[in-house]
Structure formats: C-alpha cells, structure tokens
Amino acid sequence: MNHIRNFSIIAHIDHGKSTLADRLIQRCGGLQEREMEAQVLDSMDIEKERGITIKAQTASLKYKAQNGQIYNLNLIDTPGHVDFSYEVSRSLSACEGALLVVDASQGVEAQTVANCYTALDLGVEVVPVLNKMDLPNADPDNAKIEIEDVIGIDATDAIACSAKTGMGIDEILEAVVARMPPPRGNPAGALRAMIVDSWFDTYVGVVMLVRVVDGRLAKGERIKMMATGTTYNADSLGVFTPANEPRESLEAGEVGYIIAGIRELQAAKVGDTITLIKAGTGGAAFTATEPLPGFKEIQPQVFAGLYPTEASEYESLRDSLEKLKLNDSSLRYQPEVSQALGFGFRCGFLGLLHMEIVQERLEREFDQDLITTAPSVEYQVVQADGTVKMVENPSKMPDQGRLDEVREPIVTVHLYMPQDYVGAVMTLANQKRGVQMNMAYHGRQVMLTYEMPLAEIVMDFFDKLKSVSRGYASMDYEFKEYRAADVVKVDILLNGDKVDALSIIVHRSQSQYRGRAVVSKMREIISRQMYDVAIQAAIGSNVIARETIKAMRKNVIAKCYGGDISRKHKLLDKQKEGKKRMKQIGSVSVPQEAFLAILQVDA
C-alpha cells in the first residue's frame, strides 16, 4: 500500500485541469500517441465543447520515481462547477492528496476556493501548482500571494508548470509521490469500498467506480450496498488506465471499477459503501457493520417544467428522460399536466448549469423539441392547520387565506472579483434582496459574502453578475436554511380565467412591478380578437395590474348617412349585444412566446 497514491486535481473552469491530466497520462504511458486526443477524461461531447468536467473519471498510472521505485498513481478527475459539489466531495474523499491548479495569469477564482476548502475539511494534502506559465502575462508571485491569502495554505514551494508545453510535469509527479501520504486502511479487515461515481453502459449495465478502503474484493464474490441493502455478484473488476484493464481482485487503497449486472443507476448511489457477504462459518468477519462517512441523498434545488412542443412527442420525451437518468442520478422528474401546455414533466436539478446541460443533452442526443417553464425553487409552506408542505410548482401554491407562512430557501453566496467592480456587484446583490455578511480584500481581489434567496439567483443573477463585472466576477453558493419570507403568488388571468403555467411566485415588494411587466408583455403577444380581452395579474382576488386588448369592430353606422340618432343607437346596441354573446363562448389562445416572455421580464 505504501506505493499507491490517490490524488485529484482541483481547478476553476478553464484553468487547465483536463489538459494537465492528459499530460500526466501521457508522461506515464497510459495511452499510445495515436489514442492521445485532447481531454481524454472528458468523454461527453458537451463536456469537451463547454470545457467543463461533469462526471468524475479516473486513470491508474504506473510511475517510476527518481528513487527507482515504481508507484501506482490513481488520478481521480473531479468536476469543477459549483452545481456538482457533492460529486466533488465524493471524488475528494477517495483521495489522500490533491493538486490545486491555479492559472498564473488569473489568480484564484471562486470555485477553486470552494473545492479547496472541501478538500481541507476532508483532511486531504493539497499541493499548489501554477499552470499556464508559458503565457506572457503570467504573474506567479501574485498568484502565490493570493493562494496564501485566500485559501491559507503555504505556497512557497508551489510548482510552476505549463500543461500545454509539458514544462514541470515531472516535478508534479515527484511531488505527488513525495508530499502526498499513502492510503490509510486495513488490508486484512472487512471489505469497505466507496462508490465514487457510477454510469450506465448499454452492454454491461451499471459500472461503478470504487475506492477500496479496507479489505479486498475478488472477482465473483457477493457484494452488498449498505445504503439500500441490495446484493449482487461482482461479475468483473478492473482498473482504468484510462482504457479499462480487467483484474482478478481489488486490494485496499486501490481505485477501480466493479460491474455487477445492475440494471438501474438508483441502486448504485454515489457515496454509498460496498461490503462483502460470505456464506459459511466466519463469514460475518468479512461484512462491515459501519458504512464510510459522508454519504447523503442529493436534493434537487431548482425546478422547471419540460413540455414537448407536440403533444404526440410526450412518450418519446419520457423515454429520453429515462435514458438520461441512467447516467445522471441527480436528475428528478415526475409527470405533470398543465391546462395551457398539455402533458409534460416537472424536473428537479442541482442548479442552473445542471438544468442547461440536461436541456441541451435532451435536444442534442435525443432530438427533443422542448418548452421550458421559468425555473423556480422549492418553498416550505406552513398551512393554517399547522402542516408543512413543500411546493415547487407555483400553480400548486395554496391560496393566501389558507397559509400561515411561506419559507424560502436562503443560500450563502461567495462572490470574487477585482476591486474595480465591487460597487456594481454590491448594487446588484442588494437589488436581489442580498444581505452582506462579510467583505475581505486579498491583494487585488475582493471576496464578498452574502445571504440571498435562491429564487433570486435562479432567474438571471449569474448572467447579470457577469455583465456588471465584464466577466471577471465568479461565484459559488451553498444552501443555508429555509427562512420565512413575504412571498406571494401572482396569477395571470385572461378574461377572468387563470392560465396555470404563467403563475409566478415573487416577493411582495416586487409583485406590482413583475405583474405589470408580465401583463404589458402579454398584451404585445396575444393577437386581437372580435371582443375585448382583459389581461390581469392578481394576488388572490386582488387585481394588481390590467391591460385590455381592444376588439376589432366593424363600423355599423357607415350606411346611415343622415337620419335619426335613435336608428344609429339601435345598430350600435345590437353590435354590443353580439360582442357580449361572443365573449361568453369565445376562448383566447395563448401563443408559445407568452411562456418565454415570462422568462425575459427583467426583475
């Protein structure tokens, strides 16, 4: 076990994590030259295009150190984005060390800090690396100061490297061997292996990526998941070098994969502990009683409705979501019906990036045409009789009279930006009902800490943050608590009928403004009818905004010329009567753009 090192790479988006991983794989001869393509570990197209890592991947590398010994290095790739923080914490808890990669030209960014704190909390040895040293504007001294200031780890012997040119790669590998501890664990104890990641393969079912902590697992043995209690046969084992290499057994300290004929991803939950079941006398000694710490069920935070543009596509959308869920266990969905949009699904996501990626994968990999409703968050509603109910769909919110209080999710937001943009970012955060908790200067960077309602972030906070800071600000957030808030449901009515898909939940202080904005936008979109159409925004029975689309009408008195006024009145009254009858039986169709209009109303 002393010759095994498990490590991962922590970096902000675009700081060169995947390129560095490629270089390390190449240096250790993990792939032949011809198989070496850019970003070997990012296997999804969307990962390569957006330059982000979504799922954790691994590579087991053999490295001959300068002292002549051969070491087994297991590189566990981690996602860098804040939405995937649970996957990051699982990847990191499988490691003893981490390379903290910082772009020498840009310095420390928000998600680096968030993930680095996770690593330090888990007791992982962090080795700082300054990447992109080949750039003319690299400023290693400033980057070192920022690492020490913001993260608080010693950066005097940070390794300078450039993943692009290959400079400093050997120094990194030596540091992994010298500065990171070997795995801790009991090779002779009962088997305990943690699932770091799992994905679905069409030929063999679910593939689980595991880190064996104690004991050993041989091919063909019976394994048990401790969170769900289900048992399976370990049909095949192996390691990734990134290509897969079958093995007869996995020992304590190793990272490898297990294929056990599992059909659905729900059974292999990320972070769960696997142990052995052995029959016969003394078999109990092989079964662990205590699972590994840190496992938790992932809870979605952002909800939106997904509807097919054609009602006949509903079944194929369901199939697509089922297939997508095989590879993305954090996606939640359930069928829902809307009067305006027909049949569709209410989906739960980890965050906005996760929502975008799911939408994009549905459209790209499954050819779906989708309508997405405005994203909303889950509210805790305390009803008048004292029962607490979770509401994530605005149209399911009970009436004001039956409510005691509504609690909304509050998150702690960390914002990092250069000093020049502090004023603009603070103004934006205050508009979004943020409460400033802290402000700290680190060299040229400033870190602001706010408490904000998640509902304000999911609408368009990230886009606005980027625009007021010209793209320099970065953010990450974590859930804090539910807190009582004065939020109301604004319904949109057409001729007195509610349109369920257009309901929104907003803070009372913004309800007038948002209601008026939606109503005036709707007036532009809905076409004129033969009778007046009243568009109203209402809170309960209290109308807060109204616009009227005037009827198209024929000039019925054009043929009269002179003549008696009573004759004209008779014709006008007859027309009025006809319009009234029409209005009773007519219905207004809501065009597609109306639902998108809600998204575009600036808060």
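Positions of Cβ are set from backbone N, Cα and C atoms, glycine also.
These come from Swiss-Prot:
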| type | residues | note |
| --- | --- | --- |
| BINDING | ASP14, HIS15, GLY16, LYS17, SER18, THR19, ASN131, LYS132, MET133, ASP134 | GTP binding site |
| DOMAIN | 2-184 | domain 'tr-type G' |
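The binding-site residues examined here are ASN131, MET133; by Cβ neighbour count within 10 Å, the least packed of them is MET133. Counting only residues at least six positions away in the same chain, the Cβ atoms of VAL101, ASP103, ASN131, LYS132, ALA163, LYS164 sit under 8 Å from the Cβ of GLY16 (GTP binding site). The Cβ of SER18 (GTP binding site) has 25 other Cβ atoms within 10 Å, all protein chains considered. When pLDDT values are averaged over the domain 'tr-type G' (2-184), the model yields 73. Classification of MET133 (GTP binding site) by DSSP places it in coil, neither helical nor stranded.
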